[in-house]
Amino acid sequence: MNGHISNHPSSFEMYPSQMNGYGSSPTFSQMDREHGSKTSAKALYEQRKNYARDSVSSVSDISQYRVEHLTTFVLDRKDAMITVDDGIRKLKLLDAKGKVWTQDMILQVDDRAVSLIDLESKNELENFPLNTIQHCQAVMHSCSYDSVLALVCKEPTQNKPDLHLFQCDEVKANLISEDIESAISDSKGGKQKRRPDALRMISNADPGIPPPPRAPAPAPPGTVTQVDVRSRVAAWSAWAADQGDFEKPRQYHEQEETPEMMAARIDRDVQILNHILDDIEFFITKLQKAAEAFSELSKRKKNKKGKRKGPGEGVLTLRAKPPPPDEFLDCFQKFKHGFNLLAKLKSHIQNPSAADLVHFLFTPLNMVVQATGGPELASSVLSPLLNKDTIDFLNYTVNGDERQLWMSLGGTWTKARAEWPKEQFIPPYVPRFRNGWEPPMLNFMGATMEQDLYQLAESVANVAEHQRKQEIKRLSTEHSSVSEYHPADGYAFSSNIYTRGSHLDQGEAAVAFKPTSNRHIDRNYEPLKTQPKKYAKSKYDFVARNNSELSVLKDDILEILDDRKQWWKVRNASGDSGFVPNNILDIVRPPESGLGRADPPYTHTIQKQRMEYGPRPADTPPAPSPPPTPAPVPVPLPPSTPAPVPVSKFPANITRQNSSSSDSGGSIVRDSQRHKQLPVDRRKSQMEEVQDELIHRLTIGRSAAQKKFHVPRQNVPVINITYDSTPEDVKTWLQSKGFNPVTVNSLGVLNGAQLFSLNKDELRTVCPEGARVYSQITVQKAALEDSSGSSELQEIMRRRQEKISAAASDSGVESFDEGSSH
């Protein structure tokens, strides 16, 4: 029910892993042996001896480890792939380009084979008999994957061996390698069994720093009863009703906002849009990887003669599985929220503009709709609704193909809140991001007020999500005859499972969420009490190794979100959250009021746009050039005439216009002329505004709006580099641009000329932020050309004149004429 209309059960089930590092399974039942034994003393002695021996055997029979499959290479001299070191070198290159796609699985070792098992279905993916394993090696701390297990396997049917690489976090690669090597040694008939001792060593090994959690810590469990559902929804509805009549036109007090307030609000919207685009990009890459794996799997099956599964097909089958339905629903919700944000930011972002980004987003939206087998699943996504401004903006912006796709998604994508029945409950939308990031609070709204409203909205959204899952569970028991999902093309959803339900059925399912017209909050509702914040100071630098961890620098002040385990979840001053080991943190006293969590400085760019698919050609005129007034944080200005943006690539930077500048009126006027066809007197409902601006525009009390809001200004000097810059200058410039330590250390050894000589692909190979570095270098080059172009031309003309004068003085008028003719 969390914005999802569903009448069909989901056939996906999650199986929690019971294997954490080391496990075992007995080989036979001791009870049967006891029943078959004689009662003589000799038999009793033999029985006890066998029991002791078999206890060791049962412990060392099977061991299981949770690992991440990184990639598989074919060892071929033609590809310069001969040794494990060659594979690690190629893994580094793939990692630098962002082309490593990990897959969680179970690696199982027994006395006959090494097997790979699907984490969810528990099906065996691959089976490598011990006699086919030619080499086993642990590679520690050689790249960003710090615990790599390498297996070289060659079956009799293969011409060339395969190199399989795994990242091992929970149990380190050197321990797993010892287990496999001992199993291989024992299988060759050695007199002394090595494996029991190896397994005892593994089970007694001190893990050192504990492994990070696989997912953020869960919220405290709460009882979600029918009364709880009604009271929470009543509280939300009462608050919404208290803000104004249902059909009352919008009476926002944006005119009372200071330029600093508006800048802070826009900054946060841009950050949210950044993370939405990142999550959509990640999901699209996931789909593309699944499609590539399915294509390779189909190719192998066509060329295969027998029915026996070939080497590597098990892992390919796992990689070809599409994402679960909940991830598709989350992606569709982020598309809708992204469109709402673009409509709000259309006057504030440029290069590319909001209209360009709309064209860009329709390309992956079309891909996701096709991957689900049609618009049915997207049509079931109710929350968040597009607001009136967004619908008008899309009507004005989209081209013919985009409009056809948009209209095919139905009323949940084309109707604003005012067009839905008043009694129709629309759950609030609280976006959750893959890396755990949460939008920073707006200080001028009052932290307590905004946090209470945010928690209320999140509580209602959680209740709606719980109700939706309960409904799916109930329907799955009633309709057990529904066929399971079997993709026809490896990543397309079966349309007979996800069909759009009628609004009548959806209304019946939401009967528990019927809002009340009462203007007062239910007195039985008790808002969540906020715990006092705790802070810690990092003693050392720590570099994150995966998406759940957080990179921190020495002396960083971090807010502690969860300290119940050995790895603490913390949030830095920029609003990013993740896990760090608790032994690098010192508890500190909370900072003074108002200084606990400052708004992060605005970066003025949406940087991470690395998707390879490009936007359709836009029908709108190009974005206006940036205003001459500098932005709040000084950055080098681009040249007056920006270079044309190629259609096949998405631009790397999105800058926003300075909304607090008095000189930006020209750009705003031009923008208003572009959108003059948009109706300006459209009425909006208050509930629509609640849906549109759930997180960061819930309310601003009139008393709070009258308070003077001060944003501390940072006098950051402008740092530029030239072709003559030293490596120290380059390092300082990289740090001033906010690049991570890996990028600074990798490129900080180059001088200005060397850095300017690198192209985008070379930069991407050197560091993960290569695309962003290239865009900043382009800006620097343009600024240098703009400032030095005229002086260089004058220098060339001066040298030419000196050469002509010298020729004239040496050879007379005739020589001068000859020089002129040339």
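Cβ atoms here come from the backbone N, Cα and C positions, even for glycine.
On a predicted model such as this, the values are computed, not experimentally measured, just so you know.
Positions annotated as compositional bias 'Basic residues' by Swiss-Prot: 299-309.
Under the heading compositional bias 'Basic and acidic residues', Swiss-Prot lists 671-687.
Under the heading domain 'PTB', Swiss-Prot lists 64-194, citing sequence analysis as support.
With helix defined as DSSP H, G or I and strand as E or B, the domain 'SH3' (531-590) counts 3 helix, 28 strand, 29 coil. Under the heading domain 'SH3', Swiss-Prot lists 531-590.
Annotation comment: Swiss-Prot describes SER58 (among others) as phosphoserine, evidence class similarity to another entry.
Residues annotated as phosphothreonine in Swiss-Prot, with similarity to another entry given as evidence: THR223 (among others).
THR317 (phosphothreonine) falls within a helical segment according to DSSP. Over all protein chains present, the Cβ of THR317 (phosphothreonine) has 18 other Cβ atoms lying within 10 Å. The phosphothreonine feature in Swiss-Prot is assigned to THR317 (among others); the stated evidence is similarity to another entry.
What Swiss-Prot lists as phosphoserine is SER476 (among others).
Feature annotation from Swiss-Prot assigns phosphoserine to SER625 (among others).
Among the features that Swiss-Prot reports, phosphothreonine is placed at THR629 (among others).
Here Swiss-Prot flags SER659 (among others) as phosphoserine.
Taken from Swiss-Prot, the feature phosphoserine applies to SER662 (among others), supported by similarity to another entry.
What Swiss-Prot lists as phosphoserine is SER685 (among others).
Feature annotation from Swiss-Prot assigns phosphoserine to SER811 (among others); the stated evidence is similarity to another entry.
Summarising the annotation, Swiss-Prot assigns phosphoserine to SER815 (among others) and lists similarity to another entry as the type of evidence.
The feature region 'Amphipathic helix' is assigned by Swiss-Prot to 680-698.
Taking Cβ pairs closer than 8 Å, the region 'Helix bundle 2' (752-757) reaches residues 721-726, 729-730, 777, 780-781 in its own chain, all 6 or more past its ends.
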